Amino acid sequence: MLPEVADLLSLWKSVRASMDKMIADLTDEQLTRKPENNNAIAAVLEHTALVERKFLSALSGQVEDIDVQAPYEASSWDAAKVKALWNDVLAYGEQVLSGLTAEQLTQPGLKLGVGELNKRQLIAYMIAHTAHHRGQIPILKRLIQA
């Protein structure tokens, strides 16, 4: 694995591990509880994992058509399925990132709201997106435990 990509993978895994710690003490019922006018933690985790999966599929060269907003439109969530998706995406990410070459990092990644990103930028944006949603978990935890 390229050292640059290994560093980014390490950072991504650290952000995700900190999210895992934040939710480790929650029951499945708490994960799926939706505070009024907010999102369930399960919805945030599922959305984050789906965005990661979509970005990783672009990095692999096989862009998947994924409805990343579906978790926010749902009225219920299966905690076991969300946890499985969360873990599966990490394994998929390790596989995809380990195969990237220096040349591939400069290739087009995805066109997003911020513009056309190359694959290097897409990795960084994926980590930033995950970190953004990491920041929501403590707030949602307070709301479901209130």
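Note that Cβ sites are derived from N, Cα and C of the backbone, with glycine treated the same way.
Remember, predicted model here, so these are calculated numbers, not experimental data.
Per TrEMBL, the features are as follows:
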type	residues	note
BINDING	His47, His129, His133	divalent metal cation binding site
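Contacts of His129 (divalent metal cation binding site) defined by a Cβ separation under 8 A and a same-chain sequence distance of 6+ are given as Thr48, Val51, Glu52, Phe55, in order along the sequence. Within 10 Å of the Cβ of His133 (divalent metal cation binding site) there are 18 other Cβ atoms, across all protein chains. Under a cutoff of 8 A between CB atoms, and with a sequence separation of 6+ in the same chain, the neighbours of His47 (divalent metal cation binding site) are Val68, Gln69, Pro71, Tyr72, His133.
Neighbours of the divalent metal cation site: apart from His47, His129, His133, residues of the same chain with C-beta atoms within 8 angstroms of the site's C-beta centroid are Val44, Thr48, Val51, Thr130, His132.
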